[in-house]
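One structure is given below, encoded as structure tokens.
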Amino acid sequence: MFNLMANCCNWLKRWREPARKVTLLMVGLDNAGKTATVRGIQGESPLDVAPTVGFSKVDLKQGKFEVTIFDLGGGKRIRGIWKNYYSESYGVVFVVDSSDVQRIQETRDTMAEVLRHPRIAGKPVLVLANKQDQDGALAEADIIETLSLEKLVNENKCLCQIEPCSAVLGYGKKVDKSIRNGLNWLLNNIAKDYEAISERVQRDTAEQKAQEEKDKKERAERVQRIREESWFYFHLCLKRFFFSLFFSLFFYVFLVTDK
Ligand SMILES: Nc1nc2c(ncn2[C@@H]2O[C@H](COP(=O)(O)OP(=O)(O)O)[C@@H](O)[C@H]2O)c(=O)[nH]1
Ligand SMILES: [Mg+2]
């Protein structure tokens, strides 16, 4: 009876809590299955997804969480933009194509770079070992070993969970249970440390904004300086031109026409 009342109180307490806003980053190499995963969670068919150009932003409600997921393009040339989203992320979902053994080293290097970034280190990370339905896909233990996952997460003090899954198995309520479990794990761990992560997110985003403003100002000053210098040289050339013209005319009038 006492237990039942305590459970009811806990449930009431949780029910009255305001929704928590959480931003997650979905990263991984191109073709790993990031967009298919987000689509499945969202309740849309994960089949026939087009390659992501730049990034896409998805908002969804997940229990007590209002989740925003940034699904970032994974091509080599676009990975440079990932860091622009690190400051506002509460946690990371790193999607791995378990069937692409040839690119596992590239995956490892990319993951290491993400986890070691000062704006990511210490945040919870969910690794989705995707495409388990494919023949020859690496199993969970192989992925942990080839990515040196334990070493990576220990070095960067990230809580980590790995889920072997398949993003194309189903969507909405039928989405692969491992994806659902992984997402719940990530959100629950963010919830446990919500205040601290929120503070960090606010501080980092303010710093990033200030840095962007500073860069913008410096760029504007540089452009202004170049403009002023161009004007200066233009005037100088103009002056020289008229000066030469004047002397040419002068010589012509006084020397040539004098004959
Ligand atoms: N067999 C299989 N194919 C998948 C899976 N997840 C994604 N794909 C396919 O892999 C390709 C790339 O998926 P996409 O979500 O665009 O990858 P992204 O570049 O990481 O966003 C698409 O053709 C998907 O249909 C999976 O779990 N199993
Ligand atoms: Mg994509």
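Along the chain as shown, residues are numbered 1 onward.
Every residue, even glycine, has its Cβ placed from backbone N, Cα and C.
Asp30 (GTP binding site) counts 16 other C-beta atoms within 10 Å of its own C-beta, drawing on all protein chains shown. The DSSP secondary structure for Asp30 (GTP binding site) is coil. Per TrEMBL, GTP binding site is recorded for Gly28, Leu29, Asp30, Asn31, Ala32, Gly33, Lys34, Thr35, Gly74, Asn130, Lys131, Gln132, Asp133.
Using a 10 Å radius centred on the Cβ of Thr35 (Mg(2+) binding site) and all shown protein chains, the other Cβ atoms total 23. Thr35 (Mg(2+) binding site) falls within a helix when secondary structure is assigned with DSSP. Annotated Mg(2+) binding site per TrEMBL: Thr35, Thr52, in sequence order.
Marked as transmembrane segment by TrEMBL: 232-255. Sequence-remote contacts of a segment are chain residues at least 6 beyond its ends whose Cβ falls under 8 Å from one of its Cβ atoms, and the transmembrane segment (232-255) has none.
Lys34, Thr35 are the binding-site residues among Gly28, Asp30, Ala32, Lys34, Thr35, Lys131 whose C-beta comes within less than 6 Å of an atom of ligand 2, given in sequence order. Using a 10 Å radius centred on the Cβ of Gly74 (GTP binding site) and all shown protein chains, the other Cβ atoms total 24. DSSP assigns Asp133 (GTP binding site) to coil in the three-state reduction, outside any helix or strand. Thr52 (Mg(2+) binding site) has Asp30 nearby among the binding-site residues Asp30, Ala32, Asp133, counting only those with a Cα within 10 angstroms of its own Cα.
It is Lys131, among the binding-site residues Lys34, Lys131, whose Cβ has the fewest other Cβ atoms within 10 Å in the structure shown. Annotated pair Gly74 (GTP binding site) and Thr35 (Mg(2+) binding site), C-alpha to C-alpha distance, rounded: 10 Å.
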